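Colleague: Let me give you the structure first, and then I'll get to my questions.
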Amino acid sequence: MWFDINRFHLLVLLTWQFSIFFASQQIFPIFSNYVPQWTCGNGEPTSDCSVYESCKSNLTFVNVAFKSAAMEYDWICGKSAYLKSLFSQIQFAGVLCGTFSFGAVSDVVGRKPVAVFALSLGILMNFVTGLAPNYQVLLGIRFFLGLSVGGTLVVVCTFVMEMLLPQQRMALRAFFNWGVARLMMTLIAMALPEWRMSSIACAVAALPALIIIVFVFPESPTWLHNKGRLDEMKKSEKHIAKMAGVPYVPIEHKRIEHSKTVMEMLQTKGLMSRLFVLWSMWFVASICGYATDLNSNTISGDLFVNQILFSILIAVSKMILVVFDTHVPSFRRRTLHQGAQLVVCICFLILTFMTFNGYTGLAFLIVNLIGTVFIEYTWDACYLCAVESMETACRASATGTCSLVARIGAILAPMLNYANLWWPPSVYLTVVLLGTINLIISYFFLVETKNVNLDNVHIDPSSEEGTPMIDEKPAQKTSE
């Protein structure tokens, strides 16, 4: 099969897809915070809050595509409007806490038990979201759901990566991705256009990930090896071979190396300068990506058609990038990030002017779609550069700090959507300004890492930048 995928690997890939489908609850506010236009009596449809506040007794929502929590709890105008942003921020705060706590615990007690707990808690919280008696309880539930999402993203991602062959990670990026997860959530919301029923359905739809981990996955052989539990490691490898339908062949594992702490990285000049560049990239990708995603429910046209278009384009763009990156060796990481960031700045500058002038036609949607796809490409550059520019001894810790910075950006993102109530282009102009700063930093300081041999990445402590040792041949397959 392609990428040497056997039946066990296929189950691993499916587990990842259903796991990130669960994690797509981060952007469920696209639907839960959706507010259609309204009319006062026989007036024209509008989104003017002054009309809403002065005409509540004779107000009618028009073209309601989805019955949202914002509509049920009146998070539309006035002081209560901030609760829409708070709904998202509380989730993202939970994700931040979950990233810390679940990741640390899984390093101690194992991947499987923590993955099972994180997914179980998350699916339960998603289910009871639909039963929340009031918005105060709902906000508390969404914090714990975010906590579980953070654990799922860190622990299940690590679990999955440790189960796959190096070449299969390209299949994961190309075919089992965020675009597909977003499409799944959109189709559920379209079939059940009410926030409570959609939440319950999303919980049920995420169950395959939990079932596969409980009944199919053994403990990670890589984790067992790192803990020195070699007999259990062999049993785990034999179980995987049996599930895959292939003969068991002992695997030679690399020597366990000392992992550098965050403080050790910050005390190394070359590592520190690289970290600052990566933090800038991850922060900007996160705050811009989530802000524009959460703002996508305000685009004129059919809510579900728009979201389906976003989802399909994101999924297809991932496939195109993998094919292009594989067959065009001269396509560099710097080109990927800076080219994508430049297109993002141009697109959202155009959207700023369109919004300022009150234009909401088809061109607005097209430019938004293009900009969103290229934000996704900046995310791809973030992941690739983080993995390829760091030494093996600090790769996991460095990526963890990048994820932390991204979570901070995600928490701030809903504030931009709230600012749109006072000045509609707020989200788009902020994306332009942050993107321009990020582009300048990337142009002057981002190191090139295409075709780097991960085993040979070494940063000279005396160097300000540190240069990875590049293998002129195609990068070797590695488990890093």
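Including glycine, each Cβ sits where the backbone N, Cα and C put it.
Heads up, here are the entries from TrEMBL:
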SIGNAL    1-25  signal peptide
DOMAIN    12-450  domain 'Major facilitator superfamily (MFS) profile'
TRANSMEM  90-109  transmembrane segment
TRANSMEM  116-135  transmembrane segment
TRANSMEM  141-162  transmembrane segment
TRANSMEM  174-192  transmembrane segment
TRANSMEM  198-217  transmembrane segment
TRANSMEM  275-292  transmembrane segment
TRANSMEM  304-324  transmembrane segment
TRANSMEM  336-356  transmembrane segment
TRANSMEM  425-446  transmembrane segment
Colleague: Do any residues of this chain, six or more beyond the ends of the transmembrane segment (336-356), have a C-beta under 8 angstroms from a C-beta of it, and if so which?
Modeller: 281, 288, 292, 321, 325, 363-364, 367-368, 370-371, 374-375, 377-378, 380-382, 384-385, 424-425, 428-429, 431-432, 435-436, 438-439, 442-443, 446
Colleague: Restricting to the same chain and to residues at least six past its boundaries, which positions have a Cβ under 8 Å from a Cβ of the transmembrane segment (116-135)?
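Modeller: Tertiary neighbours of the transmembrane segment (116-135) are 19, 22, 25, 69, 73, 75, 83, 98, 102, 141-142, 144-145, 147-149, 151-152, 155-156, 195-200, 202-204, 206-207, 209-210, 213-214.
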Colleague: Taking 141-162, 174-192, 304-324, 425-446 as candidates, which has the most Cβ pairs under 8 Å with the transmembrane segment (198-217)?
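Modeller: Out of the listed stretches, 174-192 contacts the transmembrane segment (198-217) most.
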Colleague: Any chance you could find the range in 141-162, 174-192, 304-324, 425-446 with the most Cβ pairs under 8 Å to the transmembrane segment (275-292)?
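Modeller: Of the candidates 141-162, 174-192, 304-324, 425-446, 425-446 scores highest.
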Colleague: Summarise the model confidence on the domain 'Major facilitator superfamily (MFS) profile' (12-450) as a single mean pLDDT, whole number.
Modeller: 90
